[in-house]
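Read through the structure below, which is laid out as structure tokens, and then see the notes.
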Amino acid sequence: MAEEEGPTVELRQRKKLKSSENKESVKEEKISDTPIPERAPKHVLFQRFAKIFIGCLAAVTSGMMYALYLSAYHERKFWFSNRQELEREITFQGDSAIYYSYYKDMLKAPSFERGVYELTHNNKTVSLKTINAVQQMSLYPELIASVLYQATGSNEIIEPVYFYIGIVFGLQGIYVTALFVTSWLMSGTWLAGMLTVAWFIINRVDTTRIEYSIPLRENWALPYFACQIAALTGYLKSNLNTYGERFCCLLMSASTYTFMMMWEYSHYLLFLQAASLFLLDSFSLEQSDKVHEVYKIYIFSLFLGYLLQFENSALLVSPLLSLVVALILAKCLQLNVKKGTCIAKIMKVINFYLVCTLTVTLNIIMKMFVPHKENGHMLKFLEVKFGLNMTKNFTMNWLLCQESLQAPSQDFFLRLTQSSLLPFYILVLIICFLSMMQVIFRRIKGKSLKETITLEDGRIGGRPEIIYHVIHTILLGSLAMVIEGLKYLWTPYVCMLAAFGVCSPELWVTLFKWLRLRTVHPVLLALILSMAVPTIIGLSLWKEFFPRLMTELMELQEFYDPDTVELMTWIKRQAPVAAVFAGSPQLMGAIKLCTGWMVTSLPLYNDDDLLRRNENIYQIYSKRSAEDIYKILTSYKANYLIVEDAICNEVGTMRGCRVKDLLDIANGHVVCEEGDKLTYSKYGRFCHEVKINYSPYVNYFTRVYWNRSYFVYKINTVISFQS
């Protein structure tokens, strides 16, 4: 409908949008049906069916092959099937060990209800602390996996660990399939999906952490987010019929809610998505009703998640809820004015300002009236990260030193460039972004634009699903440039967007229109390049990287950690069942999984109390007196202390990021001034001094076991204070 029509037409379009769309679709069908001969529809239908069938087959096959590849690579890397159960469990490191340990606990429980109750009232993991492990650690994947394992009778066929990691590998296959479908929907050819999968696998070091930590929450959650992205992409397409819209809405609703249940940080990622849709709507690049249907899905998922996550107040005070409520309120206050007029442009600016102001205001009000335990340390970390504040706090500085929270290294960009992913992504992003800006400026000037975009138009920036992805990938990329850990959210969609671009004839036509190509017909050349370029890329990737992938599968690696195996064996045989162990959080996670004994801390960083415990227990590597360390350990009812030689004698690659250095700075024992280190503590480093076995250390601690990596001390209950 032309933009020059009067206000009455515009008002009718807002109120009866669906009916007008149905009328337009009926007209388009009549127009398209009349000139076609009788046999053409059957031929076209057969062609479409063959295209869809081959594409779906390729998508499903790609996902299955990737899942099988991960399984084979995991077996070769750890020699998993030839290991004892204890050696297999040691391969789960850090927080991954905690997640898998609760899966084991669920399988040992006499009933599902009893297992859930013990997890929600758990007092057998952390000493002097009862936690709701399901809510605090987002253990819904473990609950679902344990139910499936027992309900399907898999306990008679497969071992629990294989079933657990098999589900995660299967989800990764779904992840790849969803990316395949998204790229296919955007480009119109399943060749883009194949190229997406190829780039994803080749750059898997930067696209997923599945190789290092299988049970991570993101490995469970991101496949559902990829499905939601695929459904949203199809939903935003302008030529989608009613049944397609309903299917996409249903898939979006299911995947959004599941994604929110699987990962505690999911609502932050959905907030970026909602912000992208808000910008899409603000630029008038999509019908507002469609975008607001997505907002309703967010509201539904948030409140259902709030109820089923033990009234999780973090969802109520989330920026996602504040933004969506602000957008709905702004729509209710929005006036119907003629498009293209000066008043309409002013109203757009006012609406944008109103949404931003309402979002901040609502979020502040919600935090004032809703009791919540938001991660305050995250805000403090961001302040220090961006140089807004300075701190000597151990936890903050320790987080800043983590590689995943640093800015991306040059190696990251070099790897993406070597696989040709980054150059093509930049090319596609620039073309799509410039085309988007061209469309926006035309709308601002009041120029009328065609409702249906054809290939000959060369206006890829007018397609709403493309512009959504451009905005979303820019937002994700901006964050990934600051924090390297976020590259696992951004890089998969880099693969998808780059593959879509090189396989899309419309993108090439857009480029040729700008270049004013006259020697060859732009559409013909675009069709040729959209097939030739991805084929050349695919062949070069196959030649260079396929032999490497096959070599990785053929190499038989071995996970060898006899010291940790000996330590766990000693604990299970010699330590009392009621004993409580203290040590580094990473080691405590392994002890909880491999032995089941109670610990003083966990490798989790979303709870302020656990963060304080971690910092206090880490004092065993600081320059503190034996009496101070003894008081700290006994305050948590610890019976045994484990000192790790790797931490005590750590040689850090990054200056000032060793655990002992961070502790000295936090305790004021060391001050760095122009490279000079001044020692203020009158005590030696505890982890060194306790090994010497002289007073007063022997008065508090008795060494009961040691090997090359670990020293275990029993904390004395009766102390002899002799010099």
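Using the three backbone atoms N, Cα and C, a Cβ is placed for every residue, glycine included.
Per TrEMBL, the feature compositional bias 'Basic and acidic residues' maps to 18-32.
If you look up TrEMBL, you'll see 1-34 marked as region 'Disordered'.
Tertiary proximity for the transmembrane segment (52-73) is limited to same-chain residues at least six positions away from its ends with a CB under 8 Å from its CB atoms, namely 165-166, 169-170, 172-177, 180-181, 184, 190, 193-194, 197, 201, 210-211, 549, 552-553. Feature annotation from TrEMBL assigns transmembrane segment to 52-73 (among others).
Sequence annotations record features per position, and here TrEMBL assigns transmembrane segment to 161-178 (among others). Sequence-distant contacts of the transmembrane segment (161-178), counting only residues of its own chain at least 6 positions beyond either end whose CB sits under 8 Å from a CB of the stretch, comprise 59-60, 62-64, 66-67, 70-71, 74, 85, 88-89, 100, 103, 145, 148-149, 154, 197, 200-201, 208, 210, 214-215, 219-220, 222-223, 226-227, 229-230, 492.
Taking Cβ pairs closer than 8 Å, the transmembrane segment (184-202) reaches residues 51, 54-55, 58-59, 62, 66, 69, 176, 230, 233-234, 237, 419, 421, 465-466, 469, 492, 495-496, 498-505, 530-531, 534-535, 537-538, 541-542, 545, 549 in its own chain, all 6 or more past its ends. The transmembrane segment annotation in TrEMBL covers 184-202 (among others).
Here TrEMBL flags 297-330 (among others) as transmembrane segment.
Here TrEMBL flags 350-370 (among others) as transmembrane segment.
Summarising the annotation, TrEMBL assigns transmembrane segment to 422-441 (among others). Here the transmembrane segment (422-441) has Cβ contacts under 8 Å with residues 283, 285, 413, 416, 449, 459-462, 466-467, 470, 473-474, 494, 497-498, 500-502, 507, 510-511, 537 of the same chain, all six or more residues outside its ends.
Annotation source TrEMBL lists transmembrane segment at 466-483 (among others). Counting same-chain residues at least six beyond the ends of the transmembrane segment (466-483), those with a Cβ under 8 angstroms from any Cβ of the stretch are 186, 232-233, 236, 272-273, 275-277, 279-280, 283, 285-286, 385, 404-408, 429, 432-433, 436, 460, 489-491, 493-494, 496-497.
Annotation comment: TrEMBL describes 489-511 (among others) as transmembrane segment. Remote same-chain residues near the transmembrane segment (489-511) are listed as 175, 179, 182-183, 186-189, 191-193, 195-196, 199-200, 203, 206-208, 222, 226, 229, 269, 416, 421-422, 424-425, 427-429, 431-432, 435, 455-461, 463, 469-470, 472-473, 476-477, 479-480, 522-523, 525-527, 529-530, 533-534, 537 (criterion: CB distance under 8 Å, separation of at least six residues from the stretch ends).
What TrEMBL lists as transmembrane segment is 523-542 (among others).
Within its own chain, the transmembrane segment (350-370) is flanked in space by residues 278, 282, 313, 316-317, 319, 321-323, 325-327, 329-330, 333-334, which lie at least six positions past its ends and keep a Cβ under 8 Å from the stretch.
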